[in-house]
Amino acid sequence: MAERKILLGNEAMAYGLLEAGCTLAASYPGTPASEIVGTLAALKRSGSIAMHVEWSINEKVALETALANSYAGRRSAAAMKQVGLNVAADPFMSAAYTGVKGGLVVIVADDPGPHSSQTEQDTRQFAMLAKVPVLDPLGPAHARDLLHTAFDLSEDYEVPVLFRPTTRVCHARQDMEIRPFRQDQPAPVFEKDPARWAATPKFRFLLHKQLNEKLDAVSRDSRLQPVQLNPAVSAEKAAGVIVASGAVCTHASEILKDLGLWEEIPLYYAPMPFPLPEDFLTGLLDQARRILVLEETQPVMEAQFRDRAKVQGRLSGHVPREGELLPETVEGIVRTFAGLPEAAAPKGAAAPGRRPTLCAGCGHRAAFFAIRKVFPRGIYPGDIGCYTLGLNLGAVDTVLCMGASISQAAGFYHAFRDSGQNSRPIVATIGDSTFYHAGIPALINAVIQGCRFVVVVLDNATTAMTGHQPTPAEGNTLDGRSVPKVSIEDLARACGVRHVSVGDPYDFEAFTGLLKAAKEHTRDPENGGMAVVIARRPCLMDRKQPKPDRKPVPAINDKCQGCGFCITHFECPALVFHGKEEAVTVDDVLCSGCGVCAHVCPHDAIEIPSQPQAGKESNHS
Amino acid sequence: MKQQIILSGLGGQGVLFVSKILGEAALARGLSVLMSETHGMAQRGGNVISHVKVFEREKGKPEGERDAATDPAWHVSPLIRPGHAHVLVALHEEGVKAHGHFLSPNGTLVCNRTPRTGPGDVDATGIARKLGNPVAANLVLLGFAAASGALFCSLDDLRRVLEKLGGPRRDANLAALEAGAEAGGE
Ligand code: SF4
Ligand code: SF4
C-alpha cells in the first residue's frame, strides 16, 4: 500500500508541482502562501530535487523569472499571496497576451477574513481583468491533483493559469497517498518570435484577439466543467440550486447533508470559476427556479450570469458582501434559501481574545521604545512584517503595503515642510526583507526629492513573520552555492544617503545615541539630509541564528507601584500586570533574558541581577 | 464524523504541535483527518485555534482515479461550526472564553487551569514545571485528555506517535504525556 502522509495544503501543492514536472518555482513569502515554496526550498536544501527554487526579491521578479523559464518550454510556477499579485500585476497582465510555452501556473493565495492581509481582494477578479483561467481547489488533496490539470491546461492553450487557494486550503492538513515526483526535465528550447515575445502595440492587438479565442475554448474544456456533486437530484425538480467553488463548497456540502437537504438541493462545484462555460450558465438559468452562488470573496461566478433575476449571492445581498464565509455563515444562508428556520446556534466568542504582540525579547520592541524616546512627537509610518505590531507600542502610525513606510514618510515630510512646519520629526520603520522588496526605489526617491527624515531598518536577518525565509544578506543560494551578500548599509549609501549607522537595539543607550545623531543629521542646515539607522538584532525565533547571551531574568524591586508603564509602552509578554498598586512579575518561561526592560521603567523598579544564574528554572520560586 | 476537536491556546503554546500529534494518531488508526490551523500574525502571542476532524476513510476508487465529484473525503469542510465540537482542549483558560462557543452542549471540555473548577481541569503548566519542562504543558494536557477518555484515540496511540517522532525531546515529551495521563487517570 502506498505511504500515506498528512500534508499541509501548501505542502500538498508543492508536491503537486513536483509530480507535474515543474522545473522552476519562484516566490516571495507571504501568509497564507509561504509554505508552498518553503516546502520546495527545504527539499532543495537537502539536495533531493532538481527544480530551481528561489525566494525572489519580490513577486514581480518571481513571476518574470518563472515566465521566461516557461518561454523556454519548461513547466514553471510562481507563488505568492493575493497582495503579492498587485506587485506582480504588470508582468501578469502582459503575460496573458504573450502566452506561454511550458505550462505556467501562478499560485495566488487569497485570505478571506482577512486573517493576515491588508485586503480581502479576490484573485479570481484579477483573472477576469487579465483574461486568464483561474482554478479554485476544494482542499489540500484536491489542490495537489488540480495542479496537474492546471499545467496541462496552460500548455494546451499556451496561456498562464491562475491557481487560487484560500487560507482554508493553504492551512488545512489532510491525509493523502504519497506519489513519486516526475524526474524528466525537458531541455530548454527558446524559439525566437519577436512578434509574440516582444510584441509592439500593433501586434498586441492580435495577441489580445488570440487571448479571447483561447479563453472561449478554455471555458468549454471538458476537464474543468462544473460538476453536480449530488447527481441524484435534478435541477428542474428542485426548488433551487447552489453553485459553489473553493473551500466554501465543502462547507455547503457538509451542511446540506447535515440539514437533510442533500437529496433536495443540487450542489454544483465549479473547479474553474472563470471563465464559466456559456452552456452551463444558460442551462442553469433555463432549468433552475433559483440559483444561490457561494464563493469567496467577490461575486465572480455570480457576475457571469447575464440575467440575475433568479440569482442570489453577494450582488443581490443574500450573501454578506465582506468577510470569510465561515460554515456557520453558510448554514444561515442555506437555511434561508431552503426555507428552514434559523439555527439555534450558540453565539460567538464571549471574549474578544488577545491581540498579537512581538515576542518577549524581540529586538524590534527595543528599537520601537528607543524611537519613541528620541522622537516623542514623531510621525511613524510603518510597514509590513512582525514589526507592524509596533502599533501596540504607539510607534507605528500608518501601514499600507510593502515598502510604503519610506514613500509615505516622504509624503508627510512634504506636507509639513510645505506648510512651514519643518519641526515635526518623521521616522519610518521597515524590516530588512521589506526594504529589499520595495524600499529601495522609495529611498532613492526620498533622497532626490530633498527629504529629511530618519529611516530605521529593523534588521533581524530574516523574513520572520512568514516563517524565517532568507534575505539577500545571507549570501547563499538554496542549494548552498555562495553568492555575493547584498548589504543594507551599502545599499543605503548607494541610494545617496550620507548618514548611515548600524547598532544593536539591545545595547539601548548606544542605540539611542545613534537615533539622536540621525535626528541631528536631518536637521543640519548645511550638510544634512536623509538618515538611515540599521537596528541589527537577529530574530529570536529563527533557529538558524546563534542564540544570544541570556542575561538573568529581571528582578522587580519594591519601587514597583504597578503604574503599568512597562505594560502599555513596552508590552513585553513576559511582564505580567496584576493591577494598579500591585508589583508586576516576570514570567520566567516567556522571558528571553534580553535585559531591555531595565531601561524602560521610569521608577527604576526593574533590575537585572548581576549574578548570572545557572539555568532559568533556578530563578523560579 | 468520528470526532471533532477544537484545540485552543495562545501563540507559542504549541497548539499546532498537539494537532499534528492527534493527526498522526488518527492516521495510525487507519482513519482520515482534516485539520485547520492559525498561521501568521496571530501566532505572535494572540489566540490560536486548530480544528481537527477525524473520520472513517472512504474506500472508494484508488486516489489517482478520483475526481472532485466522486471523492467524499474531498467534500469535508476544514472547519467545525460553533456548537459542533465534541471536545475542546484549552491550553490556556482564556481559550474557553475565546473558543468555548465551538463546544457542543454534550461536548467535553479539557482545560489547563488552576485552581480546578471542574473534572476537565488540570494544572498542566504546574505539572510541566515540576518536570522541569514548562513548555511541555501542551503534552501534559494531551495525556490528561487521553487518559480521561475524552479522545478518539488511546494514550497508547499517542505514546507510539511520540516514540516514532523521536528527536532530542523524545524522552521529555513522553514524560510529559505520562505525567498528564497520571493526573487524568486519578
Ligand atoms: S518572530 Fe522574531 S521578529 Fe517576529 S516578533 Fe518574534 S522575535 Fe520579533
Ligand atoms: S528581560 Fe525583560 S524585556 Fe527581556 S524578555 Fe525578559 S521581561 Fe521581557
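Cβ coordinates come from backbone N, Cα and C, glycine included.
Here is what TrEMBL says about this protein:
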type    : residues                               : note
BINDING : A:CYS560, A:CYS563, A:CYS566, A:CYS601 : [4Fe-4S] cluster 1 binding site
BINDING : A:CYS572, A:CYS591, A:CYS594, A:CYS597 : [4Fe-4S] cluster 2 binding site
DOMAIN  : A:552-580                              : domain '4Fe-4S ferredoxin-type'
DOMAIN  : A:582-611                              : domain '4Fe-4S ferredoxin-type'
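Note: the CA-CA distance between A:CYS566 ([4Fe-4S] cluster 1 binding site) and A:CYS572 ([4Fe-4S] cluster 2 binding site) rounds to 8 Å. Taking the Cβ of A:CYS572 ([4Fe-4S] cluster 2 binding site) as centre and 10 Å as the limit, one finds 28 other Cβ atoms among all the protein chains shown. Cα of A:CYS594 ([4Fe-4S] cluster 2 binding site) to Cα of A:CYS560 ([4Fe-4S] cluster 1 binding site): a distance of 20 Å. A Cα-Cα distance of 12 Å separates A:CYS572 ([4Fe-4S] cluster 2 binding site) from A:CYS601 ([4Fe-4S] cluster 1 binding site). Here the binding-site residues are A:CYS560, A:CYS563, A:CYS594; the one with the fewest Cβ atoms within 10 Å of its Cβ is A:CYS563. On a Cα basis, A:CYS601 ([4Fe-4S] cluster 1 binding site) lies 16 Å away from A:CYS591 ([4Fe-4S] cluster 2 binding site). In this model, the domain '4Fe-4S ferredoxin-type' (A:552-580) carries an average pLDDT of 94.
All chains included, 21 other C-beta atoms sit within 10 angstroms of the C-beta of A:CYS601 ([4Fe-4S] cluster 1 binding site). Contact annotation for binding-site residues (A:CYS563, A:CYS566, A:CYS572, A:CYS591, A:CYS594, A:CYS597) versus ligand 2: A:CYS572, A:CYS591, A:CYS594, A:CYS597, each with CB under 6 Å from a ligand atom. Set side by side, the binding-site residues A:CYS591, A:CYS597 differ in how many other CB atoms lie within 10 angstroms of their CB, and the most is found at A:CYS597. With respect to their backbone Cα atoms, A:CYS563 ([4Fe-4S] cluster 1 binding site) and A:CYS597 ([4Fe-4S] cluster 2 binding site) stand 15 Å from each other. Its Cβ taken as reference, A:CYS566 ([4Fe-4S] cluster 1 binding site) is surrounded by 22 other Cβ atoms within 10 Å in the chains shown. A gap of 13 Å separates the Cα atoms of A:CYS597 ([4Fe-4S] cluster 2 binding site) and A:CYS560 ([4Fe-4S] cluster 1 binding site).
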